[in-house]
Structures are given as C-alpha cells and as structure tokens.
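Taken from Swiss-Prot as is:
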type	residues	note
DOMAIN	11-260	domain 'ABC transporter'
BINDING	Gly54, Asp55, Ser56, Gly57, Ser58, Gly59, Lys60, Ser61	ATP binding site
Amino acid sequence: MKKKIVPINPLKADEILAVSHLSCVFNSKTNNPIKVIDDFSYTFQKNQIYCIIGDSGSGKSTLVNHFNGLIKPNQGDIWVKDIYIGAKQRKIKNFKKLRKTISIVFQFPEYQLFKDTVEKDIMFGPVALGQSKYDARQKAAYYLEMMGLKYPFLERNPFELSGGQKRRVAIAGILAIEPEILIFDEPTAGLDPEGEREMMQLIKTAKQQQRTVFMITHQMENVLEVADVVLVLAKGKLVKAASPYEVFMDQTFLEKTTIVLPPVIQVIKDLIAINAHFNKLIELQPKNLEQLASAINKTIANHG
C-alpha cells in the first residue's frame, strides 16, 4: 500500500493554527451541492483573540468545526500545532490530543449537561481525555469558582440551576480540559447585559492565560471590545482580515457588506464629519463608550 504523504508543517514558533486552501461542500454527491467554505487560507498567531463575523450562512461555524475535526474538509490542509487534518485522511491521528488542544463552547452550551451533579459534568471532559479523577475533581472546583459559583454548587443537580448558572457550569467543564485554543460560537446568545459583560471578561481572561481565542458573533460592539483580529466571511470566502478599526473604518469595504457598526465607531465617524480634529480618536482606538468619553475629552483638551 502506498504511504500517504503528510505536508510539511508550516507553523512558526509564534503560530498555532494554519489553514490552507480549505473547501467544504455539503451534499457533494447530489445534484444540489452547497459550497460552504471556499478556498479559505489563513495562519493564526498564538495568544490572540480572533472574531469571525459575516452574515448568517457565510460559513463561520462550519469553518471552526473543521479546526477540531468535527467536519472533515473536502479539500485543503489544517495544522493545529503539530496535528494534521487533511482531506485525504481516513481519520485524524492523535485525535485525543486534538481534543485536549482545542475546545468549542457551542451556542447555548448549557444544553450539553447530562450528569446528575455539577461536579460530574465538569469532570467528564478531563477524565475522558486521560486526566485522573483526583485532578479532574480539583479542576472542577477551581474552574467552577472561576465562573462565579462556589464550592457547594459541585453537589447540585445541574438541571435544578438557572439558565445562567447552567451555562457557567458548561463553560467550566470546557475550561477544565485546559485547551490552548478556545472557540466561542455566539457566546452571548440569550444573555442579559451583565451576562454579556461577564462573558467578554472571560474571553479577555483566556487571552491573559496565554490561550488563543476564536469568537463567532453578530454583536459588533463585542468585536470592538475584545478582538485583536477580525475575519470577515462572505459566502464561504475570507474577504477581509484586519484589526477592528481597520475593518470598521473602511467605508469602501463596509458598503459591500451588511455590517452594523458598533455605537463607538458610529459616534467617531459622526464627530469626524463635524471636525477633522476628531481623527485623533482613530489613533486612540477606544473600545467602549467609557474609553470613548475619555478619548473625546483628551482630544478636545489638546485642540482647545
């Protein structure tokens, strides 16, 4: 049998994930194939927050589901650290290692709970991936408290908790695996404003802990708040990859999209239209309304 040749790993020391010419077609063997990902290529740096945006059906969730092997590519290559995922593979080697490296927090993760205690639910992933029950139990307590729930919750039945508490338990279970890459798919769906703020803080904390984070979202104010890089998808194609300000201030590009600007950016554009001195705000790059107010005061003070 002819041995299949694995491509050379292209990743450099500061890179964690590379995608080369990835394509995905659903219903490929029918008369109505649907191309969901169209020749996507990008190399992702370590310890960055990447926000993936685009219209519904643009391929965002399908893309990230390739990263941890949930969907097999029809064409192209993916490297997650030293783990290779390719279209010609029958199965992924080191699949358990891949699961330890990259985890997805799906939309409404609370619906994934199934054990009779919170502790067992959080322990499930780490134990399944080879950790001892002792270590998993310690991590269950640690990550549950990180999510704002105290030790007594470990013995509670997850189905007796509120919706917000269930979501915290589900996320604690994923954090307990301690993956290097975290993917959040619409993490603020169904949350109140306080819950949104807590989720954004969790994502910032993940970066502070040297993790690489992906976030799929339609909430542009959250993109501005946390993203290092924004990737814009349209009909399965990568049409732009840049910083939030480079994306949101590119009027020529925006005119071709349905992106709704975050309030901070809209205010900046309105102020620039009144007085060119406010172009200074683009350099200061405020990420939220509080920072914007401070930046406006600073700009006014400097220009009288």
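Each Cβ is built from the backbone N, Cα and C atoms, and glycine gets one as well.
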Extra residues within 8 Å (Cβ to Cβ centroid of Gly54, Asp55, Ser56, Gly57, Ser58, Gly59, Lys60, Ser61), ATP = Thr62, Leu233
Counting other C-beta atoms within 10 angstroms, the emptiest spot among the binding-site residues Gly54, Ser56, Gly57, Gly59, Lys60 is Ser56
Are there residues of the same chain, six or more positions away from Ser61 (ATP binding site), whose CB falls under 8 angstroms from its CB, and which are they?
-> Asp185, Ile216
The predicted model's mean pLDDT over the domain 'ABC transporter' (11-260) is 94
List the same-chain residues at least 6 positions away in sequence whose Cβ sits under 8 Å from the Cβ of Ser58 (ATP binding site), in sequence order, or say none.
-> Leu233, Ala234, Lys235, Gly236
Just jot down the residues in the same chain as Asp55 (ATP binding site), at least 6 apart in sequence, with C-beta under 8 A of its C-beta; none if empty.
-> Ala234, Thr258
For Gly59 (ATP binding site), the three-state class that DSSP assigns = coil
